[in-house]
Amino acid sequence: VRTELEAIELEDGAAVPKEFANPTDDTFMVEDAVEAIGFGKFQWKLSVITGLAWASNYAMEMMILSILAPQLHCEWRLPSWQVALLTSVVFVGMMSSSTLWGNISDQYGRKTGLKISVLWTLYYGILSGFAPVYSWILVLRGLVGFGIGGVPQSVTLYAEFLPMKARAKCILLIEVFWAIGTVFEVLLAVLVMPTLGWRWLLILSALPLLLFAVLCFWLPESARYDVLSGNQEKAIATLKRIATENGAPMPLGKLIISRQEDRGKMRDLFTPHFRWTTLLLWFIWFSNAFSYYGLVLLTTEFFQAGDVCSISSRRKAVKAKCSLTCEYLTEEDYTDLLWTTLSEFPGVLVTLWIIDRIGRKKTMALSFLVFSFCSLLLFLCVGRNVLTVLLFIARAFISGGFQAAYVYTPEVYPTATRALGLGTCSGMARVGALITPFIAQVMLESSVYLTLVVYSGCCLLAAVASCFLPIETKGRGLQESSHREWGQEMVGRGSHSPEV
C-alpha cells in the first residue's frame, strides 16, 4: 500500500479519478462518496426545499419592508425616522443573530439550526400581523430579523450534499428563488393590500414557512457534520440513502472518521491559514450589502427626479416637507417594484455562465468593477432611459457578485467552521445594510456626487480585495478538516496517523 500519493490538478470539467472514490487503502471520506454518487434525484429535491426556505424565509420577508413602511407611515402617521427605524431594526436582528445561528449549526447540526430559525421566523412573522401599536411591531419585526439571520445556513447544508462540478451552478440557481420570492410578495401585496390590508399581508407572507417546516422532516443532517461529530453510522446511512435515491453505487471501503474538533470557535477563523481570507471576505460581504441595498434606495430617488443632474436642483427648489405627509403605494409603484426585481434574473444568469469559467475570485471582482463603472457613468447627465439601463445593469451585477460570494464562502472554510464562517460574513453584510441608508438618503441630501463616489470607491476596493483572496476554490472539493492542507481531500491521502 502506498503511504503517499502525489498531488495532481484536475482540468476544468474533468471527472474525479476513480482511485479517489475507491482509494487503494480501502478508505474513503464523505467528499469521495458525494463525488462518486453524483448529482441526482436527491439533490433535485433538496434544491426545491432549500429554494423554498430562501424564497419564503428571506426574500419575501425582506421585500415586505418596502411595502409595509409607506403603509404604516400613512396609517399610523409615523414620522420619517420611525419609518426608517422599522426597516433598520430588521437588519439589527439579522446582524446580531448571524454568528449565533452559525454557532448553533456547527455545534448541533445544520438541520437543527435551520429548523429553529424557520420556526422562530414563522412565529414572530404571524405575531407581527397582530401588533396593536408601533412599539410592538418594532420589537416583533426585530425578532423576525433575528430569525432571518439563520437562513444562510440552508446554503451550508445544501453545499455539503453537492458534488464539486454541480456546486456553483446549483447554489446560483437557488438564488433564482430569491427573485421568485420577491416577485410573489409583490403580487401578493397587489391582491391583499387594497382589500385586506397590511396585517393579512404579514400573516399570509409567513405561511409558506409552515410548508418548509413540514418538509424539514425529510431533510437529512449533513453527512460531513455527522462524520466530524464521530457519528459514523448516521453518516453512512445518509450516504446510502442518497445513493439509493440517485440509483448510484456507494464507494467501496470504510468511511474515515475525522478526528473530533472543537466546532464553532471564532478563533478558528483567524488561524494563520484563514486569517487573511476571513478579513477580506468580511469586507467583500460588507461591500456587497452596502452597495446592493444602497442602489435599491437610490433607484427611487433617481426615478422621482428624472435624472441624476436634476436631483440637487430639485432639492433646492422644493421646500422642506412635513415629515407626516405620506402617499400610499399605487398600482404603478407596485409595477416598478416588480420590474426592479426582475432585473436580478440576468445577474444570476451572467454569474452562472462565468463563475466556472473564470473562477470565483474573478467573478466577484468583475461584478464589483461593473457596478463601480455604472456608478461613475451616472455622473453624466443621462436621460431617464439611459439611467434605467445603467441602474438595472448595476443591480444585476452587484446581485451576481452577492451570489458568487455565497458560492465561494462555504467552499473555502472546512466543515468544522463552515457554518460559522458563513454566519459571520452574513453578519458583516448586515452591518453594510445598516449603514447604507445614511449614505443613500442622508448624504444624498447634501451631495449626489459624493454619494456616488462613496459607492463606486467602496466597490473598487472590494474588487481589489476579491483579487487578493489567497484561495481559489474553482474545481476543488470541500475541505473536511482544518488540520489538513486546503484541498487535500481531492488530491489523495497522506500517510495514516492517529488523528484519523
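For all residues, glycine too, the Cβ spot is worked out from N, Cα and C.
Features as listed in TrEMBL:
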| type | residues | note |
| --- | --- | --- |
| TRANSMEM | 46-69 | transmembrane segment |
| DOMAIN | 47-474 | domain 'Major facilitator superfamily (MFS) profile' |
| TRANSMEM | 81-104 | transmembrane segment |
| TRANSMEM | 116-137 | transmembrane segment |
| TRANSMEM | 171-192 | transmembrane segment |
| TRANSMEM | 198-219 | transmembrane segment |
| TRANSMEM | 273-293 | transmembrane segment |
| TRANSMEM | 363-380 | transmembrane segment |
| TRANSMEM | 386-408 | transmembrane segment |
| TRANSMEM | 420-440 | transmembrane segment |
| TRANSMEM | 452-471 | transmembrane segment |
| REGION | 480-500 | region 'Disordered' |
For the transmembrane segment (81-104), which recorded stretch in the set 46-69, 198-219, 273-293, 386-408, 420-440 gives the largest number of Cβ pairs separated by under 8 Å? 420-440
With pairs restricted to those 6 or more apart in sequence, evaluate whether the transmembrane segment (363-380) and the transmembrane segment (46-69) have 3+ C-beta pairs under 8 Å. no
Highest Cβ pair tally under 8 Å against the transmembrane segment (452-471), stretches 46-69, 116-137, 273-293, 420-440, lands on 273-293
If you average per-residue pLDDT over the domain 'Major facilitator superfamily (MFS) profile' (47-474), what number do you get? 79
